[in-house]
């Protein structure tokens with residue numbers, strides 16, 4: 001019999017809690033990640049007021065230097081620790097796949113200086129359309145169409161851009177490049193990015209409509225992902241007939257593998273929390289696992305190195321945390337974590353190699369405290385242990401520590 005009937009895992013995308021032991025093997029604009037500390041530097045430079053996460057034990061997580069404005073609780077309501085990454089990457093897919101039990105020894109490729117000419121030329125030859133070279137770099141999806149949409153409307157050229165993650169995105173005005181054509185080009189791009197030196201996690205079709213100065217991305221987005229290279233705990237749950245619910249970009253990250261209820265993309269963190277609350281309230285969701293990603297911390301503030309915005313985003317989540325707790329049933333378990341760091345005070349604009357926090361709360365808890373420092377995959381091992389299924393490749397359960 002399961003200790004918890006339902007487990008809700010919420011990933012605060014990029015909310016790291018200090019440089020990992022191997023952080024100096026990873027760099028940002030030539031600067032090793034060894035001094036990165038997303039939560040620590042936000043707390044130190046702009047202040048951080050997150051009383052609801054603090055109540056569970058955020059300030060109790062072991063650190064060389066305590067969080068400046070998040071005090072340790074003498075009697076927290078839950079359990080806390082930090083987790084180290086094993087895999088050789090610091091991107092979203094690597095982090096999430098490891099959380100679900102995989103060890104990624106061959107990381108995906110990211111293109112901070114844009115895609116190589118060879119790829120762009122192949123896409124041009126296949127599509128019969130030129131590619132706008134100036135857009136070929138990490139770009140905000142809304143900014144790139146504002147900047148190059150008018151030109152695309154005049155010339156029919158393709159807008160191809162990337163991000164901090166291993167993705168190739170193609171933006172196309174629906175009146176200029178029909179959806180069928182856009183999808184066909186994306187399928188070709190997928191076929192040429194399945195191995196090094198351009199092993200990409202996703203190809204994303206990004207259609208939009210409107211006039212210059214008033215462009216809007218449509219719901220006709222299409223993701224062409226790769227499935228995890230081995231079964232994750234999501235697959236193990238699915239095979240055992242245990243419901244899995246995905247909120248936000250989780251379904252895309254796993255290419256649907258092991259997920260039988262996709263609750264859709266988030267328009268914002270707030271919308272994602274609304275969707276999570278709706279999911280938790282489903283009468284038919286009596287037993288199972290929900291997996292939510294809230295990406296605004298990373299996409300809107302981490303990469304843009306906006307510490308004030310990042311702090312405010314954390315405040316907004318913390319203010320809504322009581323709603324999530326109120327929606328829990330007696331035998332529910334809530335796990336709050338991250339997938340990598342993205343220190344908004346650091347060099348460059350890339351993710352940072354960090355520990356991730358882990359907060360655990362349940363109305364059924366009788367105890368509290370600090371769990372020994374572990375690894376990302378311990379989360380999925382704990383989920384597997386709870387529901388009586390096998391773990392994936394790696395991970396040690398901490399279920400017996402939650403009392």
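Glycine too: its Cβ is placed from the backbone N, Cα and C atoms.
Residues or ranges marked as Mn(2+) 1 binding site by Swiss-Prot on the basis of sequence analysis: 13, 339, 340. Long-range C-beta contacts of residue 340 (Mn(2+) 1 binding site), restricted to its own chain and to partners at least six residues apart, with a cutoff below 8 Å, comprise 14, 16, 85, 90, 91, 92, 94, 95, 351, 352, 353, 354, 356.
A 10 Å cutoff on Cβ-Cβ distances gives residue 303 (Mn(2+) 2 binding site) a total of 19 other Cβ atoms nearby, all chains included. What Swiss-Prot lists as Mn(2+) 2 binding site is 298, 303, 351, and the listing cites sequence analysis.
By the criterion of other Cβ atoms within 10 Å of the residue's own Cβ, the least surrounded of the binding-site residues 13, 298, 339 is 13.
For residue 339 (Mn(2+) 1 binding site) paired with residue 303 (Mn(2+) 2 binding site), the C-alpha to C-alpha distance reads 15 Å. Separating the Cα atoms of residue 13 (Mn(2+) 1 binding site) and residue 298 (Mn(2+) 2 binding site) is a whole-number distance of 6 Å. Of the chain residues outside the Mn(2+) 2 site list 298, 303, 351, 13, 14, 164, 299, 302, 340, 342, 349, 350 have their Cβ within 8 Å of the site's Cβ mean position.
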